[in-house]
Amino acid sequence: MNQTSFTPRVFSGIKPSGGLTLGNYLGAIKRFVGMQGQMETIYCVVDMHAITVWQDPKELANMTREVAAGYLAAGLDPSQSILFNQSQVAAHAELAWIFNCVARVGWMNRMTQFKDKAGSNAEKVSLGLYAYPALMAADILIYQATHVPVGEDQKQHVELTRDIAAKFNHDFKTDFFPLTEPVIEGPAMRIMNLRDGTKKMSKSGESDMERINMTDDADKIAKKFKKAKTDPEPLPETVEGLKDRPEARNLVEIYAALNDMTPEAVIAEYPGAGWGTFKPALADLAVAKLAPISEEMARFMADPAEIDRILGEGAEKARAIANPILRDTYDIVGLLRSDATR
Ligand code: AMP
Ligand code: TRP
């Protein structure tokens, strides 16, 4: 098998470690929907990644449903995409072990997300947090996925996935795993915190005012944009004028991504506008785009059994792809199977 013979296949995932944010929507889910129907698409709620930091067991299942509800409400369709939660497909964890034995400690030590998350506490964090990128590589490669849409913060992990695939192929003299492409494009690859334009908008930031949650109502969205930090200057006349203005650039990029435009087109529409004009326009746009999704999410969340059914069906389809790839991997590695037909 050479690198051109892999069927184009998309895989991506989101952790159920808190409520979905506008960063997840614009950097990931909206783009997942855009790729649906163009090639085979597999989207996962990566619950085993979530537990690399403490999760309350009672909350975890609910958060898993909430991410699934976000997928469904944003337009992922279980008849067009495979939707499931990671822990229902054991092959992810099994392949991750093999990749733990392929990846080098030196590679893991270079992962900036681990360094950021562990900070000065690196001795006390879980071993899982350190090994996390090998599980992510397994998520992707257990489907021999060729394309992975992610936000900018995940680029290094997809590059590590390629390194793992390349080393596996080299060590076992095979072309079994594809060198997966990260798909990082559009204006929303890194949505920033509304209170500090140098930090990423994340689920876990300390203040709720720094992020837009996919479940926020219209009033909250308007209030958060109104209070968003900016510099005192109005919008520039051209996009070049956004250089070194992280907060201004972030709001323009959010507008662009929500409305499927380029930042250039946003500036052309609001050249030199003051914040008193631009912020309410942005809030109106965000409400118009997000309110229908959050209403739909609430509808799905009112019927958890239906979400569980959809995830269960997706997991079955996922296992049908993953299990034969795992078996072939075991054969390549030389792990004995008593019944070669299983
Ligand atoms: P996580 O919430 O860390 O599981 O992230 C799930 C997906 O959302 C990944 O593809 C991230 O890159 C993307 N994502 C999360 N936060 C942001 C953000 N602030 N801007 C752009 N993409 C993001
Ligand atoms: N690590 C990703 C994040 O924190 C989530 C993730 C896990 C993922 N496995 C994946 C993303 C596989 C893409 C493909 O955002």
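Quick reminder: no glycine exception, Cβ is built from N, Cα and C everywhere.
The ATP binding site annotation in TrEMBL covers Lys15, Pro16, Ser17, Gly23, Asn24, Gly151, Glu152, Asp153, Ile191, Lys200, Met201, Ser202, Lys203, Ser204. The DSSP secondary structure for Lys15 (ATP binding site) is coil. Every protein chain shown contributes to the tally, and the Cβ of Lys15 (ATP binding site) ends up with 23 other Cβ atoms within 10 Å.
As annotated by TrEMBL, motif ''HIGH' region' applies to 16-24. Residues 45-47, 49-50, 53, 55, 60, 63-64, 66-67, 70, 85, 151, 188, 190-191, 200-204, 211-215, 254, 286, 290 of the same chain lie 6+ residues outside the motif ''HIGH' region' (16-24) yet bring a C-beta within less than 8 angstroms of a C-beta in it.
According to TrEMBL, the L-tryptophan binding site annotation covers Asp139. In the three-state DSSP scheme, Asp139 (L-tryptophan binding site) falls into the helix class. Around Asp139 (L-tryptophan binding site), taking its Cβ as the centre, 28 other Cβ atoms fall within 10 Å, counting all chains.
Per TrEMBL, the feature motif ''KMSKS' region' maps to 200-204. Counting only same-chain residues 6+ beyond the ends of the motif ''KMSKS' region' (200-204), those with a CB under 8 A from a CB of the stretch are 17-24, 153, 190-194, 210-212.
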Integer Cα-Cα distance in angstrom, Lys203 (ATP binding site) to Asp139 (L-tryptophan binding site): 22
Inter-residue C-alpha distance, Lys15 (ATP binding site) and Asp139 (L-tryptophan binding site) (nearest angstrom): 12
Candidates Ser17, Asn24: member of the binding-site residues with the richest Cβ shell (10 Å): Asn24
Of Ser17, Asn24, Asp139, Met201, binding-site residues neighbouring ligand 2, Cβ under 6 A: Asp139
Binding-site residues near ligand 1 among Lys15, Ser17, Asp139 (Cβ under 6 Å): Lys15
Candidates Ser17, Ile191, Met201 (binding-site residues) - the one closest to Asp139 (L-tryptophan binding site) by CA: Ser17
